[in-house]
Amino acid sequence: MKKKLRKIGKWLNDRGGFSEMLKPLKEHLVPPGTGWNYVWGSATLFCLIVQVLTGIALAFLYQPSVNAAYQSMQYIENQAFMGSFIRGLHNWGASGMVVLLGAHMIRVYLTAAYKYPREMSWISGIFLLGITLTMAMTGQLLRWDSNAIWTGILVAEQTGRIPFVGDAIAHFFIGGATLGGDTLNRYFAMHVFLFPALLFTIVGYHLFLVLRNGISEPPKAGRLINPKKYRSWYQKMLKKKGVPFFPDVIWRDVVFSLGVLIVLILLGWLVGAPELTKPADPTILETEPTPDWYFKWIYAIFATMNRFLEPYFLFFGPLLGIILLFSVPFLSRGGERSPLRRPWAIVGVAITIVTVGSLTYAGLWANWVPDFKAAPLGEYVSVPQEEPMAERGKHLFYEMKCIYCHKIGKKGGSNGPALTKVENRLDEQQLILQISNGSADMPAYGGSLSSSEIKALVAFLLSEKKVNEEKRETRNKE
Ligand code: HEC
């Protein structure tokens, strides 16, 4: 029996060439001391594999048509065998990929592994970053619930505002002038065919470069990179001190990836994917269009930025970012690699992390978008007694959706300034002007409200003063 098995094994290997295939892996030498800091890239790749497997499973049941997409998502979430778990895993796998990719980039940047001769590794990596984020974005729209398509509409509108090229890009992504069936088809094709194909091609190239140029040796302060001598130095160093990638190095990658898998499984199982909101219907506004968490920081920038600057920021911001990222390996090709000798690299990374982190935090907790769920003000705002005008204004403030964008007390949206203390800033005349004429970010209500209604709103906005005065009076009386 054993003999027979061995014979079969031999045949398979002879005709199939499996040990030959694994040979480079065994013989590939790696500089000593790479350690745990070198696991981020392989873990990102591992997440990509998780995404492919869970993505295929989802595609078995998902129907990319306007009429069926939402139902098929419901089916996956509520009925399909392990559907909710696999959706959760796919969702957290995407998050994991973004996070690990970020960690990998930071490691490569801090240890200056992008320097000679690994510039192309960095450049292909930037493409991988862009494609990964595009995958995350297109995937969110495939949920085809109200949240997803409103996010899609917002993205398209913002893209359309980019000077010069915005309209064309927005048209390409949404497949026409409006969001509809063509959009869904397009996003589906992009998410499951176009970008995965690009991703795999470039990942393949990225890995080929790792084999060709070798893994960068851990940096040492004072050991400079000299492009003229580096390659021969590296080969000599490998011959003298190199360790085989398999099994000396790869075990760390395997252990770390298994850890990542456990975390993803726990998150996918216990937390799951974002709840599906209502079916997609562009006429229903009752949703809070918000992107998934790793895009919130971009969202926060737009929420806080001046409307007139936004289009330029939309155009020049990414352009500058892309140029900067691509130029990294050309700004300093040789010299020091140790982060200890490159303090500005550490400062740059720290600033980036703090900025993106705090913007994400702001984006996660602030209510930037119109708050479509705001309740009538009745319960929590008091109006001076016996003031029907202010009482009417209070109702109008809700009915006319002012509360979607303005806070009164603690309730309402944050699109516009809070109006709790507006009486200290504006007088009656200015309030009337603002409400009837609107401004850049606020609709003009002059056409839709009668002058008595506007007066009522103003009376309401000014009533806080009176409430306070009343309180003071009663306190004085006591
Ligand atoms: C789509 C969101 C939106 C809606 C709806 C909206 N506003 Fe505004 N409002 C804004 C923004 C944004 C500003 C800040 C001015 C600007 O940048 O255009 C503003 C400014 C104001 C101001 C001036 C505040 C200040 O401190 O200068 C007042 C008063 C005001 N709005 C009242 C109202 C009233 C009353 C309604 C309902 C009839 C309303 N708004 C509906 C977005 C909105």
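Using N, Cα and C of the backbone, Cβ positions are placed for all residues, glycine too.
Features as listed in TrEMBL:
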DOMAIN    8-219  domain 'Cytochrome b/b6 N-terminal region profile'
TRANSMEM  38-62  transmembrane segment
TRANSMEM  92-110  transmembrane segment
TRANSMEM  122-142  transmembrane segment
TRANSMEM  188-211  transmembrane segment
DOMAIN    235-363  domain 'Cytochrome b/b6 C-terminal region profile'
TRANSMEM  249-271  transmembrane segment
TRANSMEM  312-332  transmembrane segment
TRANSMEM  344-366  transmembrane segment
DOMAIN    388-465  domain 'Cytochrome c'
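Outside the transmembrane segment (312-332) by six or more residues, the chain places 109, 112, 114-115, 118-119, 122-123, 126, 129, 158-159, 161-166, 301, 305 with a CB less than 8 A from a CB of the stretch. If you look at the transmembrane segment (249-271), the same-chain residues 6 or more away from its ends with a CB under 8 A from one of its CBs are 25, 30, 34-36, 38-39, 42-43, 46-47, 50, 85-93, 95-96, 100, 243. According to DSSP, the secondary structure content of the domain 'Cytochrome c' (388-465) in residues is 44 helix, 4 strand, 30 coil. Break the domain 'Cytochrome b/b6 C-terminal region profile' (235-363) down by DSSP state and the numbers are 91 helix, 4 strand, 34 coil.
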